[in-house]
Amino acid sequence: MLSMFKMNILKQYFEFKRYFFNTLLEVISLYIVLMGLLLGFSMVGGEVDHFEEKMEYVVAGYIIWIISYTAVQAIGYEVYNDLQRGTLDQLYMTPLPVWQIMLGRMVGNVMFRIVGVVLLLLLSMVTTGIYLYFDLLTLLPIFLVTLISMFGVGYMVAGLCLLLKQVSNLLMFSQLLMMSVIYIPLESAPYLKYLPFIYGVDLLKKTMLYEAHLIDFSLWQYGFLALNSLFYFILGIYCYSLCEKTALDRGILGKY
């Protein structure tokens, strides 16, 4: 299994290197969108109290949204591309379960996407003068646990791809839905914490915006985050396996 992870990470590396210009254009596009958001917000809310803090909230939410939709949609796009190329059936000839192969692809995709996110963040900081607080000892463990639930949702999306085939609009809809939910403060809608990865996103925002540290969060908060992530990860694999079985029974697994 470790060799499978290594090969999938290498695959993502070669694609990242081969299509670097495309990746660079994506970073520039995301940067332009972020600048548009900040400019629009400054024109509308320039006179409100704590304006700089609200601008930081916009940047933090945007960065988290990019990582979130990457983790959630990476496997969906992989299935979608395999269907178009006609290579999905080949994955089922391997001795490993396909969900494990997809997990390796998701991990590799997120690893290299973070490079673009860091570049985007540096550009936005230099351009706007808005600097977020980064304590890696706090951010990294929270992010890794939150990533587990994001992968779970990714499996659900991939399962739908196996059945529906044409999912480009579904993937776009999920992007917009995630952005909307991520920007909602958990204090305004506490019930959202039961949704996948939202509680972890809230802890990440508190760390970047209010300089919170690991010791500032309680064991109950860490426990809830871990259980939430584990629950949605297992649920995601179950949903993917169910959709996979349905596609096999109908004989539509490799059809596009």
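Here the Cβ of each residue, glycine as well, is placed from N, Cα and C on the backbone.
These figures come from a predicted structure and were not determined experimentally.
Per TrEMBL, the feature domain 'ABC-2 type transporter transmembrane' maps to 14-208.
Marked as transmembrane segment by TrEMBL: 20-45 (among others).
The transmembrane segment annotation in TrEMBL covers 57-80 (among others). Through the fold, the transmembrane segment (57-80) approaches residues 30, 34, 37-38, 41, 88, 102, 105-106, 109-110, 113-114, 117, 120-121, 124, 128, 130, 132, 143, 147, 150-151, 153-155, 157-158, 160-162, 167-168, 171, 174-175, 178-179, 182-183, 197, 201, 204-205, 208-209 of its own chain, all at least 6 residues removed from its boundaries and within a Cβ separation under 8 Å.
For the transmembrane segment (110-134), the residues of the chain that approach it from at least six positions outside its boundaries are 9, 12-13, 16, 23, 26-27, 30-31, 34-35, 38, 52, 55-56, 59-60, 63, 66-67, 70-71, 74, 147, 207-211, judged by C-beta separation under 8 angstroms. Taken from TrEMBL, the feature transmembrane segment applies to 110-134 (among others).
Marked as transmembrane segment by TrEMBL: 140-164 (among others).
According to TrEMBL, the transmembrane segment annotation covers 176-199 (among others).
Summarising the annotation, TrEMBL assigns transmembrane segment to 219-240 (among others).
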- Query: Under an 8 Å Cβ to Cβ limit, what residues of the same chain, 6 or more beyond the ends of the transmembrane segment (20-45), are close to it?
  - Reply: 51, 54-55, 58-59, 62, 66, 116, 119-120, 123-124, 127-128, 130
- Query: What residues in the same chain, six or more past the boundaries of the transmembrane segment (176-199), come closer than 8 Å to it by Cβ-Cβ distance?
  - Reply: 61, 64-65, 68-69, 72, 146-147, 149-150, 152-153, 224-225, 228-229, 232
